[in-house]
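A short worksheet on the structure shown next.
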């Protein structure tokens, strides 16, 4: 064993094979040890990893390796979010089955990830497209169906024509499909839904438990998406009719100012209101137009407000005023009741609508001590104030009036206090092939029947041929569709929709705890030991998709008795993006950096080092070839230092105690720098994983070793200090650049693996210095620096300072008026 030129390719292949052969990162449930579960959001097997993957997975790997060195039993698994649209599109393009394309990509990406030296327990690897995985997802579907947590209904849905499938509300971004950016349309289809709204309050309240562990931005995004509103639900009688229209409002204090009503285009009362009226055709035309506009677009603040009069009126329940009923483009059925009592004086949308259609505006809240008139108004008044024009509620502050009016409505039977949520039930039906089949059967005699549990899994047919237009082949496959009703035994048909792929990612972290179990979804003992995930890592773009669904699914499975877990992820890190030329890397921009190319040129360790050093993990990272070259130079510098010290250093261990060894001032200086490095590295590892400062501190230690090594190699104390410091360099860098550290650990004679070494512990006493460097100022200007014993008194420091030759030169011919001594820092001499 010896040194040659640093060759990352040979070294990295050697240690990757060694880790694989030895099963170095295989882990078992062990209740005698403290556990740590670190997990990055698993990848879609597109076939090629990108720099975003490298950053995400490198962060997680450093955490996993560091926690092992701290004595934790670490679970760090990997798998594949393998269902989804890209596989279907690729299968159509290449005239193959999605499974063939998917598994080939998994093989390729497994090799790519292995080349980066990630410390995964590969024995737990799983793919969500495997029947052994989605069998249990189908079981959960049946459990939830039996409980009433899953139901089927006809509903207006978001439809992507390009993808030929339904999208959940969370998958529509600015009116466009989240995947292909096609304009989303509205269709009415029979769909399967999960009642996530049953958990709305718990999902909201338990966010408080995640304070401090999750980014505040993510918590805010989830709170806003759940959208709890406290208000009142009240009934407006339809004029000349026995019908009523229910309205939810958060502003019952403005009820006297309601001058018209706005309905959603989809409101079930619309057709009844216009029947036999001259306005009917115009209203129907408007309804058709609005219904094809995406709901996200309709809820935008800058949407131009449009509407049409129905010809019908309703009665204000407080003042008896007759209010015209309009259909408006900004009102949605998905929120509240789909009907809005319009108060144009105190709601900006209503104000714009009233101005456009010349509708009455009635001020019912005045600024305290002021009088607001319609002539002065250029926008709605929405600030707190005092009620006016509100009958018996006049002069009440509006917050008090809310409760008083709700109490009155309740007593009179015209309304009640109510809570509403923006969150809608989760549409999980997808009209695609490559997803988990929904386990239900349709029988003409018995209706919808669940597939018997003993018949699970319902497997996707291997002989399916993809349709070129993207439509699922399942509805045309008689061998799949035709079956027997489990209740009556007559011919029946299977459901041909598959589940939203976000269902698979809503519980995979639970399955990792015993991924090979085939007689149940989970091993409860393993679940109870490993969960929750201690550190979860992934992009901010998943804040209201995957992260919300996973929280819901965990609670639903808890209530089915599968687990006792309330929240799946104790801590969340949302890493920043990797940018090139200031923009996110993409093929269309021509700014993609291929990790494979970088690894081949510089090595995996250098690639990891750069991507962890260039920016704190939560910030965006600007790619720099020069930065990667700098990382490579640093590793070569460490390698050369090890080579220079090969005959000097001995395996004494990190932060070794110098008991019985005489240390020179230079040796003490290096020892102090070593312990400062460990102190800083330990703090920054624990404090939100600031790897960039950990690396910077280690670089400073290496620089100090270079500066002092020629002197230190001459004494036993100096050799001891170098040995301890170099051990610290290797142990602190081991989670970041594991291959080179393993190689040097072995060459320099340490036993075992550096990955199994203990993280170094600094000694407070080693941070104490024998000497202090004092700055000497004359009349506020620095004139000298003075090294004094740390125990020196103020008098001794003053005497030494006044005797310094540079000071003598600057005060000669002057009278010293005052000497200010700040111990350990400076001396300021005032002379004139």
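Just so it is clear, glycine is given a Cβ too, placed from its N, Cα and C backbone atoms.
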(message) Please identify the range among 569-573, 574-578, 579-583, 584-588 that TrEMBL labels motif ''KMSKS' region'.
(response) 584-588
(request) May I ask you to indicate which of 21-31, 32-42, 43-53, 54-64 is given in TrEMBL as motif ''HIGH' region'? (result) 43-53
(request) Please list, for the motif ''HIGH' region' (43-53), how many residues fall into helix, strand and coil according to DSSP. (result) 3 helix, 0 strand, 8 coil
(request) Could you break down the residues of the domain 'Methionyl/Valyl/Leucyl/Isoleucyl-tRNA synthetase anticodon-binding' (668-795) into DSSP helix, strand and coil, giving a count for each? (result) 78 helix, 17 strand, 33 coil
(request) Summarise the model confidence on the motif ''HIGH' region' (43-53) as a single mean pLDDT, whole number. (result) 92
